[in-house]
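Now, the feature entries from Swiss-Prot:
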type    : residues            : note
BINDING : ASP10, ASP134       : Mg(2+) 2 binding site
BINDING : ASP10, GLU48, ASP70 : Mg(2+) 1 binding site
DOMAIN  : 1-142               : domain 'RNase H type-1'
Amino acid sequence: MTKHVEIFTDGSCLGNPGPGGYGIVLRYKQTEKTLAKGYTLTTNNRMEMLAAVVALQTLKEPCQVTLTTDSQYVRQGITQWIHNWKKRGWKTADKKPVKNADLWQALDKETARHKVDWHWVKGHAGHRENEICDELARTAAENPTEEDTGYQAS
């Protein structure tokens, strides 16, 4: 029987671009685990995406996942836009390279391992887990330890 895991994610950036971080809450039955990491130079969207990628990578086996994010960019990108990007060889409708293609490809790979149901919540609206993720992401952004090697300043 496939395990059902709840995942909550958030990304933060102090300046955009600037130092950033992600926060994750993973819940399986009654057990919760939190993850966070800060990066010296990145963007808000990259941190939102990286949170989802890392959370899904953390799962050791294929799972039924309910993933809740406050990022429409992530939710719409992975459920709607990605299909045409892949058909066009990771180009947008106007033939430009898709931004953050490295993370979209990683997210695509991870979602293929799991059955993911994507949910959106309004940020800063009192959702307990989203508020926890927001705090984790902000704290991580204030104390960055990693380099976002995929980030390219444009």
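In case you wondered, yes, glycine gets a Cβ from its N, Cα and C as well.
Keep in mind it's a predicted model, so treat the numbers as computed, not measured.
Features as recorded by Swiss-Prot, highlighted on the structure.
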residue : record                : CB count, 10 Å
ASP10   : Mg(2+) 2 binding site : 30
GLU48   : Mg(2+) 1 binding site : 27
ASP70   : Mg(2+) 1 binding site : 22
ASP134  : Mg(2+) 2 binding site : 19
> Cα distance, ASP70 (Mg(2+) 1 binding site) to ASP10 (Mg(2+) 2 binding site), nearest Å?
Replying inline: 7
>> For the domain 'RNase H type-1' (1-142), how many residues does DSSP put in helix, in strand and in coil?
In response: 59 helix, 47 strand, 36 coil
>> For the C-alpha pair, I'd like the distance in angstrom between GLU48 (Mg(2+) 1 binding site) and ASP134 (Mg(2+) 2 binding site), rounded off.
In response: 10
> To the nearest whole angstrom, what is the C-alpha distance linking ASP134 (Mg(2+) 2 binding site) and ASP70 (Mg(2+) 1 binding site)?
Replying inline: 10
> Quick one: which residues besides ASP10, GLU48, ASP70 have a Cβ within 8 Å of the Mg(2+) 1 site's Cβ centroid, in sequence order?
Replying inline: THR9, GLY11, SER12, MET47, ALA51, THR69, SER71, VAL74, GLY123, ASN130, CYS133, ASP134, ALA137
